[in-house]
Structures are given as structure tokens and as C-alpha cells.
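Visitor: Got a structure for you, questions after.
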Amino acid sequence: MVTTRKESAGDASLNAGLEGARVLIVEGRYYEALADELLAGARAVLEAAGVEVEVITVPGALEVPIAAEIALEAAEITGNAVDAVVGLGVVIRGETYHFEIVAGESARGLMDLGMAHALPVGNGILTVDTEAQAWERARVSEGNKGGGAAEAALTLLRLRRRLEA
């Protein structure tokens, strides 16, 4: 029998295992207003979970995984460990092949980051055909994909900590 349940990171019982956690948000701000909405959703989830949040801003989605890697290396040097990463951004299809490159490489970069570091990563980089689709997914009151990416990272972090205990 398979059961499913929707969990909110704001529930106190679900915050167990997140004590002292530090989560890095790397946001591509090519579409400023959409970036604000994605960040608001992610921040709300992470703050409700009681984790420390750091935000790094980069120009666009393609730079998100690179900036995350740079931040992880710096964190190792300084001893200020990062427990999870949330990547945020928006890629809207245009008339050139550039969409496929940015969409695919930003997603691959985040997956590679998670695999190389055994690190919980939430991918909140929207890849859509239109700006209207982006808004439907980004708005906290609708799709809240920023919040969803943060919840994904927290879920993986809880799993990691539970398995390592």
C-alpha cells in the first residue's frame, strides 16, 4: 500500500532534525519581479523551519549552480558549513536555442552540485514558455515554486540527518 501526505516545513514536528541548519539560496535575478516572488516563497518556508538563511544574488539562472559551488568551497575554507542549497530563477522560452541551453545546464548544474557534495538541493529555477506561466508558478499565492524548492531541500536535509544519526 502506498500512502502520500503533504507536509509543510512550518509544522513544528517537521522541523525536528533541522536544528542549527544553514541553507543557502542562490537566486538568478534576470526577471526581477519574478525573482522577488520566488525568494519570498523560499524565505517564508525556510524561516518557518527556523533555519539560518543566506542569499546570494547572480544575474541569471545559468550562474546559479556556479555561484553555489563557489559558496560551498568558501564555506569549507571558512568552516561555515552549508547544509542545503536552494536555486531560484526563471528561464522563459524565446525564439532561439538559448532557452534549451540555459534550462538544461542550470538544472544539470544543480543536480551535479547535489551529487558531487551529497548535498540537499532544491531546484526552483522555472523553465516556462511564457511570462504568464512564470507568474502562475512563482506567486506565493498560487504555485509557490520558490517555497516548493525550499521544502524539497529541507526534506532532503531531514532525510540526510535521520540516516546519519
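In case you wondered, yes, glycine gets a Cβ from its N, Cα and C as well.
As annotated in Swiss-Prot:
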ACT_SITE  His98  active site, proton donor
BINDING   Tyr30, Ala61, Leu62, Glu63, Val90, Val91, Ile92, Asn123  5-amino-6-(D-ribitylamino)uracil binding site
BINDING   Glu95, Thr96, Arg137  (2S)-2-hydroxy-3-oxobutyl phosphate binding site
Visitor: List the residues of the same chain that sit at least 6 positions away from Thr96 ((2S)-2-hydroxy-3-oxobutyl phosphate binding site) in sequence and have their Cβ under 8 Å from its Cβ, in sequence order, or write 'none'.
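Guide: Spatial neighbours, sequence-distant, of Thr96 ((2S)-2-hydroxy-3-oxobutyl phosphate binding site): none.
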Visitor: Which one of these binding-site residues, Glu63, Glu95, has the sparsest Cβ neighbourhood, judged by other Cβ atoms within 10 angstroms?
Guide: Glu95
Visitor: Provide the three-state secondary structure of Leu62 (5-amino-6-(D-ribitylamino)uracil binding site) computed with DSSP.
Guide: helix
Visitor: Including all protein chains shown, what's the count of other C-beta atoms within 10 A of the C-beta of His98 (active site, proton donor)?
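Guide: 12, counting other Cβ atoms within 10 Å of His98 (active site, proton donor).
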Visitor: Using a 10 Å radius around its CB, how many other CB atoms surround Tyr30 (5-amino-6-(D-ribitylamino)uracil binding site)?
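Guide: Around the Cβ of Tyr30 (5-amino-6-(D-ribitylamino)uracil binding site), 18 other Cβ atoms lie within 10 Å.
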Visitor: Taking Cα atoms as reference points, which of the recorded positions Glu95, His98, Arg137 is nearest to Leu62 (5-amino-6-(D-ribitylamino)uracil binding site)?
Guide: His98
Visitor: For His98 (active site, proton donor), which of the three DSSP-derived states applies: helix, strand, or coil?
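Guide: Where His98 (active site, proton donor) sits, the three-state DSSP reduction gives helix.
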Visitor: Secondary structure at Tyr30 (5-amino-6-(D-ribitylamino)uracil binding site) (DSSP, helix/strand/coil)?
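Guide: In the DSSP reduction, Tyr30 (5-amino-6-(D-ribitylamino)uracil binding site) maps to coil.
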Visitor: If you measure Asn123 (5-amino-6-(D-ribitylamino)uracil binding site) to Glu95 ((2S)-2-hydroxy-3-oxobutyl phosphate binding site) at Cα, how many Å is it?
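Guide: Cα to Cα, Asn123 (5-amino-6-(D-ribitylamino)uracil binding site) and Glu95 ((2S)-2-hydroxy-3-oxobutyl phosphate binding site) are separated by 25 Å.
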Visitor: Find, among the binding-site residues listed as Ala61, Ile92, the one whose Cβ has the highest number of other Cβ atoms within 10 Å in the structure shown.
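Guide: Result of the Cβ crowding comparison: Ala61.
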Visitor: Provide, as an integer number of angstrom, the distance between the C-alpha atoms of Val90 (5-amino-6-(D-ribitylamino)uracil binding site) and His98 (active site, proton donor).
Guide: 13
Visitor: Distance check, please: Cα of His98 (active site, proton donor) against Cα of Tyr30 (5-amino-6-(D-ribitylamino)uracil binding site), rounded to an integer number of angstrom.
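Guide: About 14 Å separates the two Cα atoms.
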Visitor: Return only the integer: C-alpha distance in Å from Val91 (5-amino-6-(D-ribitylamino)uracil binding site) to Arg137 ((2S)-2-hydroxy-3-oxobutyl phosphate binding site).
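Guide: If we compare the Cα positions of Val91 (5-amino-6-(D-ribitylamino)uracil binding site) and Arg137 ((2S)-2-hydroxy-3-oxobutyl phosphate binding site), the gap is 12 Å.
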Visitor: In three-state terms from DSSP, label Ile92 (5-amino-6-(D-ribitylamino)uracil binding site) for me.
Guide: strand
